[in-house]
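Taken from TrEMBL as is:
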TRANSMEM  17-39  transmembrane segment
TRANSMEM  73-99  transmembrane segment
TRANSMEM  111-129  transmembrane segment
TRANSMEM  141-160  transmembrane segment
TRANSMEM  180-197  transmembrane segment
TRANSMEM  217-238  transmembrane segment
TRANSMEM  258-279  transmembrane segment
TRANSMEM  317-337  transmembrane segment
TRANSMEM  343-361  transmembrane segment
TRANSMEM  373-393  transmembrane segment
TRANSMEM  399-419  transmembrane segment
Amino acid sequence: SGIFISPKGVLASSGSVGASLIIWTLCGFIALLGALSYAELGTMITKSGAEYAYLQEAFSPLHRTLGPIPSFLFAWTSVLILKPALFGVTAMSFAVYAVEPFYGKCGHDDTIVKIVACLCLFLITFINAYSVDLATKVQNLFTIMKLVAVAIIIAGGVYMLSTGSTEHLNTGFEDTTDSFAMFALAFYDGLWAYDGWNNLNYITEELKNPSRNLPLAIMIGIPLVTVCYILMNVSYFTVLSKYDLLLSNAVASSWGDVVLGGATLIIPLAVVLSAFGGCNGTCFTGGRVMYVAAREGHLPEVFSYIHVTQLTPLPSLIVSVILACVLVLAGEIFALIDFFSFTAWFFYGLTMASLIVLRVTQKDRPRPYKVPIIVPVIVLLVSVYLVVAPIIQDPRIEFLYAFLFSVSGLIFYVPFVLYGKKI
């Protein structure tokens, strides 16, 4: 769903058509390497919760007091910021395209967008609280809708290329930025569109035959998504100059106005369906982090409860939607993406470090799937760059807030987890 929002951010930060296409390709490669590393962790540690479970397994045995801190801080940050921010941004993507046809070129009202986004969040949460089976069926249906939207845009781009519409693509690397910090921000927007490469690891306990299906889904899914993203960006640039794209609030709709003419309503409708499916996937996995962390004693016990008949993690889903609505009402979409990406890549890097630690401390443990050690090392180095480069070259208060919020969890860790105090 991010491909309908992120191209504007990637282009704005990279500066040129050619650089943005290279960044989209590299983002797909990074997502694939990260996901393959997670596949090793997920097939070795068959617990739901993804990063939380892996950090707990790798670092907790090293020291009774300090070892559990990485997993606790991840749970703290993920529950209160990461998952709600991702949930909220995807809902805002839904809302932007849902209201766009009613405003046309006049520009949409941000208040209306936020109200629609909140309504989307509550509907998705109801679906996921009501039934796991219903949430899965919704995901399957709307994944098909996503691919229909992608196919329409790619087919339109192929047609425009066949007519010789390459003027904007031929600008190549004109105006490419020379700032490492701006490239990092471009990667933030691109990698946000790929985010979800680790989603299956959040529900490992609910997968059938995870040792086979987890790596298989990754090897099929991420290369397919990468190809689609590159082709869609090429399609956008067949009719939109970089200035047109940067001025657009809904890139795919702007493309549809030029290419589809009277049928342009197809695009916002298809994108709305796509974003709804992406929002559903985020909700489905987000509630599981809180559920698993509470089960391990790192969050209040009530968040580990499941509904007595529906068997869904109802308390964690309710908290997630409330936090997502707060972020939607308080934030702006690209600021939320940068805030999310900065924090997320810190923990992705820490998770890569956990894989390396486990290779040393548990080298004889069975690994149904195993990646070359260079793979997590590359992702770890990328995560260091994505976290450090913006701070060094373009210090922003948002990054300081993200860091301070993450470490503020220690205020609660010491009394409530380490010493077991009860409220």
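Using N, Cα and C of the backbone, Cβ positions are placed for all residues, glycine too.
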Contact check, the transmembrane segment (111-129) vs the transmembrane segment (217-238), 3+ Cβ pairs under 8 Å, seq sep 6+: no
Listed stretch, out of 17-39, 180-197, 217-238, 317-337, 399-419, that has the most CB pairs under 8 angstroms to the transmembrane segment (343-361): 17-39
Beyond the flanks of the transmembrane segment (217-238) by at least 6 residues, Cβ under 8 Å: 3, 7, 17, 20-21, 24-25, 27-29, 31-32, 35-36, 38-39, 150, 153-154, 156-158, 160-161, 165-166, 168-169, 193-194, 197, 200, 245, 251-252, 255
Interface present between the transmembrane segment (399-419) and the transmembrane segment (180-197) (three or more C-beta pairs under 8 A): no
Which of 17-39, 73-99, 141-160, 373-393, 399-419 contacts the transmembrane segment (317-337) most, counting Cβ pairs under 8 Å: 73-99
The transmembrane segment (17-39) vs the transmembrane segment (141-160): 3 or more CB pairs under 8 Å: no
Same-chain residues near the transmembrane segment (399-419), Cβ under 8 Å, at least 6 residues beyond its ends: 65, 68-69, 72-73, 76-77, 80-81, 297-298, 339, 342-343, 346, 390-391
For the transmembrane segment (373-393), sequence-distant contacts whose Cβ falls under 8 Å of one of its Cβ atoms, 6 or more beyond its ends: 30, 33-34, 36-37, 179-181, 183-185, 187-188, 191, 341-342, 345-346, 348-349, 352-353, 355-356, 359, 399
Long-range Cβ neighbours of the transmembrane segment (73-99) (under 8 Å; 6 or more residues past either end): 1-2, 4-5, 51-52, 55, 108-109, 112-118, 120-121, 124, 192, 195, 249-250, 252-253, 268, 271-272, 275-276, 278-279, 282-283, 285-286, 289-290, 293, 298-299, 319-321, 323-328, 331, 333, 336-337, 339-340, 343-344, 347, 350, 402, 405-407, 409-410, 412-413
